[in-house]
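Okay, structure first, notes after.
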Amino acid sequence: MSSTTHDVKQHESPSAGDDHSADGKLFDEEKLAEEKQVGIVTIEAARALIGWKLWVAYLGIFLTTYFCGLDNGTTYATLYAGAQATNNFVLYPTLGVLQQVVIAVLKFPVAKIADVFGRAEGFAVSLVFYVLGFILMAACQNFSTLAAGVFFYAVGNTGTQIMLQIIIADAVSTKWRGAAIGLLSWPYLMNFAVSGRFVQGLYGALFNSPTWRWGPGIFCIVFPIAISPIIFALASSQRQVKKAGRAPAHPYTQMTFFRGLKAFVDDIDLGGLFLIAAGFILILLPLTLYTYAPNGWNTDYIIAMFVVGGVLIVSIGFWEWLVAPKPVIRRRYILNKNVIIPAFIGFFDFFSFYLAWTSSFSYVQILKGWTSGDATYFSNAQSLCLTFFGIMVGFINLWTRQYKWSLVAGACIRMIGLGIMIAFRTANATTAQLVMGQILQGMGGGFLGVTLQVAAQVSVPHQDVAMVTAFVLLLTEIGGACGTALLGTIQAQRLPTLIARYLPGATAEVQANLYAQPLVEIISYPLGTPERTALIEAWNGYFHTLLTVAIALSAVPIVLGLLLNDYKLNDKQNCVTDEPPLHVTGEARVRAEDEIVKS
């Protein structure tokens, strides 16, 4: 389409010039036009032709976001129950690291498939991996099968999430973008009540019910039903566009098999993805595995993992800027502060979040004797507030047409919530005091999560939106993986020592069991007994260490947020290129685009 050669608007803020090229433009439009791939051209043309199928897609988005919300609110219980069922509960943090690194890194190939082939194909690939992962988790009889299920599940989960973000960015103007991103999380409002009952009913109070396998089993059934309407609406519209001659034939169709395969490998930057995934996995996994190694930190394979992982991470920059034909981390992303700053805000926010949140589910059961259902309500309270306030800030940004100060306010509120968690973490804390920390963290997280995506997406042309979104979410999820890995290290270093200090009369075997299966062993001591009181003190010391590190990390997003530009949100797809507003469709849009090119 002709819209690929639009002139670039100058940003109103004087500081916008930081990212300009030598000719005064933010982007080299001719170069970007050449890079626009078939999937992007097709979806731009499909906006004018989708018609009634748009409502079918909305139905699919409604169902998919609902079940994604239920999945995200309950799958931690599947990992918990699966780790216990395979007698490897101590490796539960390792599953979390694996899941988070996969969720972070594999957004890129799914986003690239959506750009290269089409949006429908991106959803289809994600669905296949989602279902396969749930099948393996439901059927696992050993830890290896469970880990394989977590891997495939994570690919499907991250693919579905990034595809939902991409089609929202395709279809929604910048001023409505924050509200739309916030509304994608609406199912948490409904699932707050549902997820606790779901976990209590299928997993049991101690996550040892034989019916736990029905958790992933149910999702095997419902996700194909939910995602199919989206795939149908997008695939039929893409086919209509191609029949009308409004999208070029795919270049791969004119290549031999091996040339096409090489082109695809170059398009998704397979080498870069491998370096990112392998590097972070090899650095983060030893942080949770070293305690089970024969010689701890001095074990040969632990040292080798750190060395090889470090070399791979250092190699990422050389590969991406000197070798890769189409690097997944492009220089223009790194040099655009409105992309790199939101990415690092997400990194430090998730780093802090996972340190504070991951163990809170177990801690409140130990501290207060709550059931798994009650603890699920507690741990999901933050997600509930994150959703509510995420939707709220989207409409605040719609009214103000700005987003920077919403982001800064969210970072400050997040830090206050962590401070309240530190102050009220003892056995004397009331339920209201415990929950208040979760509410404030959810409020701050809602403000942050929505606005950091808006900040990055509106700062780049449409052809960069998918990959920039994946890039921001990559660093965000890597932050979560770092938080989980550091938590595993602190847990392994501090918790056994604290248990031994506060319960010196227990045998080594009893102490090991109290560490390895806390929700079974610790809860067997009634509240008020000397043993339970001592164990609460041990966990209190461990939790204090986690929260101290978390609150220190939470200061970084406040500083970074102050450095952002604050684009004025408008009716267009982004704030940096000239194009008609998104509500102009059909032939009127084609004429408007042609007029822009002529001018």
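Glycine is treated like the rest: Cβ placed from N, Cα and C.
Where the annotation comes from TrEMBL, it is an automatic prediction and has not been curated.
Feature annotation from TrEMBL assigns region 'Disordered' to 1-23. Annotation source TrEMBL lists transmembrane segment at 50-69, 89-110, 122-144, 150-169, 176-194, 214-236, 268-289, 301-322, 334-357, 377-398, 405-427, 439-458 (among others).
Taking pairs at least six residues apart, the transmembrane segment (301-322) and the transmembrane segment (334-357) share fewer than three Cβ pairs below 8 Å and do not count as touching. Beyond the transmembrane segment (334-357), the same-chain residues lying 6 or more positions past its ends with a Cβ under 8 Å from any Cβ of the stretch are 18-19, 96, 100, 379, 382, 407, 411, 414, 418, 421, 441, 445, 448-449, 452-453, 455-456, 459-460, 468, 471-480, 482-484, 486-487, 546-547, 549-551, 553-554, 556-557, 560-561, 563-565, 567. Nonlocal intrachain contacts for the transmembrane segment (405-427), taken as residues 6+ away from its ends with a CB within less than 8 angstroms of a stretch CB, comprise 345, 349, 352, 356, 363, 367, 393, 396-397, 433-434, 436-448, 451-452, 455, 533, 536, 540, 543-544, 547-548, 550-551, 554-555, 557-558, 561-562, 564, 566.
A Cβ distance under 8 Å defines the sequence-distant neighbours of the transmembrane segment (439-458), meaning residues of its chain 6+ beyond its ends; these are 165, 169, 174, 177-178, 181-182, 338-339, 341-343, 345-346, 349, 353, 356-357, 381-394, 397, 403-404, 406-407, 409-418, 420-421, 465, 468-469, 471-472, 476, 557, 564, 567, 569, 574-576. When Cβ distances are compared across the two stretches, the transmembrane segment (122-144) makes contact with the transmembrane segment (214-236), since 3 or more pairs at least 6 residues apart fall below 8 angstroms.
Sequence-distant residue pairs (6 or more apart) of the transmembrane segment (377-398) and the transmembrane segment (89-110) include fewer than 3 whose Cβ atoms are under 8 Å, leaving the two stretches without contact. Within its own chain, the transmembrane segment (89-110) is flanked in space by residues 79-80, 82-83, 122, 125-126, 143, 146-147, 150-151, 153-155, 157-159, 161-163, 268-269, 273, 276-277, 280-281, 284-285, 287-289, 291-292, 328, 354, 358, 467, 469-471, 473-478, 480-481, 484-485, 487-488, 491, 515-517, which lie at least six positions past its ends and keep a Cβ under 8 Å from the stretch. Within the chain carrying the transmembrane segment (150-169), a Cβ under 8 angstroms from the stretch's Cβ atoms is held by residues 43, 57, 61, 64-65, 68, 71-72, 75, 79, 95, 98-100, 102-104, 106-107, 110-111, 114, 119, 122-123, 125-134, 136-137, 177, 180-181, 184, 216, 223, 227, 230, 234, 453, 457, 465-466, 469-470, 473, 477, 573, all 6 or more beyond its ends.
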